[in-house]
Amino acid sequence: MSFIDEVKIHVKSGDGGAGCVSFRREKFIPLGGPDGGDGGKGGNVIVEASPNLSTLLDLRQHPHQKAGRGRNGMGKDRHGAYGADLKMLLPVGTVIKDAETDEVLVDLNEPGMSVVLLKGGRGGQGNARFASSTNKAPKFAQPGEPGEERWLRLELKLMADVGLLGMPSVGKSSLISKISAARPKIADYHFTTLKPNLGVVAYKNYKSFVMADIPGLIEGAHEGAGLGHRFLKHLERTGQLIHILDISWMPDRDPLREYEAINRELALFNPELAEKKQIIVINKIDLPVVKENLATVLPYFEERGLKVFPISAATGEGIPALLDEIARNLWGQAEEEW
């Protein structure tokens with residue numbers, strides 16, 4: 001798949017430089033004392049959340065990352081230069097885990113957030129440090145400390161205000177294409193969307209929100225069926241969910257059973273997902289068969305206190321009312337003018 005949302009990499013901070021063994025050798029000072037300088041500190045590994053990145057593709061292509069080594073100390077009390085830090089710019093929303101223990105090390109959930117992930121090794125002390133009244137000419141120095149290293153797994157979770165949820169081919173891609181600048185691949189067959197698509201939706205009075213078109217889910221998704229649980233995690237950070245249903249296939253397909261099946265998958269993957277607010281959308285209201293079937297499914301949702309918004313992603317019918325509802329949930333109220 002072209003969207004890289006998970007990658008395993010090896011990172012290493014810089015080794016410290018070695019201390020120097022050196023003695024003053026100057027004219028008229030035949031027995032000069034020790035003047036070996038310290039080694040430089042190794043570079044740190046730093047991770048920073050960048051709002052300008054959206055994938056982990058670069059790290060997939062370069063899975064081994066290493067900070068600079070500290071330079072060795074030199075004579076005349078000259079210390080080695082510090083190793084260059086390795087600054088890894090990552091998309092906002094990247095979660096960094098230890099690849100072996102699965103421990104979460106860093107959650108880069110804010111733009112500009114910067115964390116020192118691995119510290120560089122300390123530089124070794126030169127022999128000038130070890131001169132004493134009992135040993136005025138030490139002939140030894142410290143080696144530099146090795147840097148830290150570990151295998152990491154990076155996961156990128158989409159930072160979206162609204163997530164589009166539903167079985168394959170119910171019209172999620174068509175809706176996000178209609179109301180945002182996103183242009184996902186659209187066709188009338190399952191799993192057209194093979195990656196999460198983000199779209200920025202412009203609302204009234206210059207307000208906007210981010211919508212995520214999540215690939216279609218099927219029963220067993222929490223166990224990896226279909227496109228698998230790798231996409232369920234993209235829903236975890238969305239503030240609200242739009243659950244899109246296609247009732248044009250009744251009675252061959254039961255949209256209410258599909259609705260329950262998807263919510264079951266959410267609960268099995270993460271119980272908190274099933275508790276997120278959902279807006280129920282009936283797509284393709286421009287089709288006569290959908291208008292006929294609408295009366296059959298409405299009581300189901302009315303009994304559960306859920307609002308239903310019939311729309312057409314093809315013609316735009318019903319979309320203004322849907323966006324007003326999203327705005328009410330995001331900001332507490334909808335704007336008066338569309």
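Start at 1 and count along the chain as shown; that gives each residue its number.
Positions of Cβ are set from backbone N, Cα and C atoms, glycine also.
Annotated GTP binding site per Swiss-Prot: 166-173, 191-195, 213-216, 283-286, 312-314, in sequence order.
Its Cβ taken as reference, S173 (Mg(2+) binding site) is surrounded by 24 other Cβ atoms within 10 Å in the chains shown. Sequence annotations record features per position, and here Swiss-Prot assigns Mg(2+) binding site to S173, T193 based on sequence analysis.
Marked as domain 'Obg' by Swiss-Prot: 1-159.
The domain 'OBG-type G' annotation in Swiss-Prot covers 160-331 and rests on sequence analysis.
When the alpha carbons of S312 (GTP binding site) and S173 (Mg(2+) binding site) are compared, the span between them is 12 angstrom. Once Cβ contacts within 10 Å are tallied over all protein chains shown, the binding-site residues S169, K172, K284 are led by K172. DSSP assigns S169 (GTP binding site) to coil in the three-state reduction, placing it in neither a helix nor a strand.
Across the structure, G166 (GTP binding site) and S173 (Mg(2+) binding site) are spaced 11 Å apart at their Cα atoms.
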